[in-house]
Amino acid sequence: AMLNQTEVREFLLLGLTDIQGLQHFFFISFLLLYSATLVGNGVIVTVVMSEPQLHTPMYFFLGNLSCLDIFFSTVTVPKMLTGFLFGHQLISFGGCLAQLHFFHLLGSTEVVLLAGMAYDRYVAICHPLHYALVMSPWTCLLLAVASWATGFVHAMVHSIMTSRLSFCHRHIHHFFSPTSDLHHFFCDIKPLLDLACSSTSLNMMLLNVVTSSLILGPFILIVLSYLHIISFLFYKVQSQEGRWKLFSTCASHLIVVALLYIPALFNYALPPSRNSMQRDVQVTLLYSAITPALNPLIYTLRNREVKTALKKTLGRKL
């Protein structure tokens, strides 16, 4: 048995770097990215809600995606920014669990929602005559609710399982409040499990089985949808131009899928390697801070309807 073990009630988030000059550079970069996330996604949500021509399934999902991105980056980025300004951040055990819960709730909701969006594209391209019937407002609402519900249940499982662990401090920082160093910029499951001094085998199993299948399941659905779409375009659509026109409605969705899934698969589906801790931090940065800022750009740059609606909405305001 380990001696004088006190239960940890706080964690010290060590953040990305200790180098002063880099901290300022990171602070400015991530502040700009975060502002871009809030403005870009905020604009998309506003335009989708205020423009009747965008009241279609595709844009209903896009509005959901933008909402998710706003919340998703808010879970981690503001705390990270204060870390750049004031050095290492203390976070309470409860705060840590809340961060973990919302990160996984929003992340897994987005993963499922992207599969719903792929299905929407599949019906639109391969069964255009049945589109209005299949993708009724009721279906869209159901798909959205199912995404959020799945995310909620998944996050709950991890929060409850993590809350039952006990953590012992490895480093004595101050006498009053035992803390433990967390080598990450927010409370993710893996770095937390590294600090636990009770058995984490069940947690690891859940992470490997449940989280990996939550990422792989929707991913397989997306791949199937696109295989159908591509074969439909090759066999049924004669003109090259027609193919491109139809496929371009999927392009933005495909880019967003790649930006979220590739890093997520790296993080949760690959076996841990020796420097996997550092890889996890870099990969998590990509989809918690950078991707949410890029999504609105990807959707507006490639999309004529959003651009037109944007001009109309802005024109009304000016």
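Every residue, even glycine, has its Cβ placed from backbone N, Cα and C.
Taken from TrEMBL, the feature domain 'G-protein coupled receptors family 1 profile' applies to 40-299. The transmembrane segment annotation in TrEMBL covers 25-47, 59-81, 101-119, 131-157, 214-234, 246-269, 281-301.
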- Message: Check for me, if you would, whether the transmembrane segment (246-269) reaches the transmembrane segment (101-119) - at least 3 Cβ pairs under 8 Å, residues 6 or more apart in sequence.
- Response: yes
- Model confidence over the domain 'G-protein coupled receptors family 1 profile' (40-299), as mean pLDDT, sits at 87
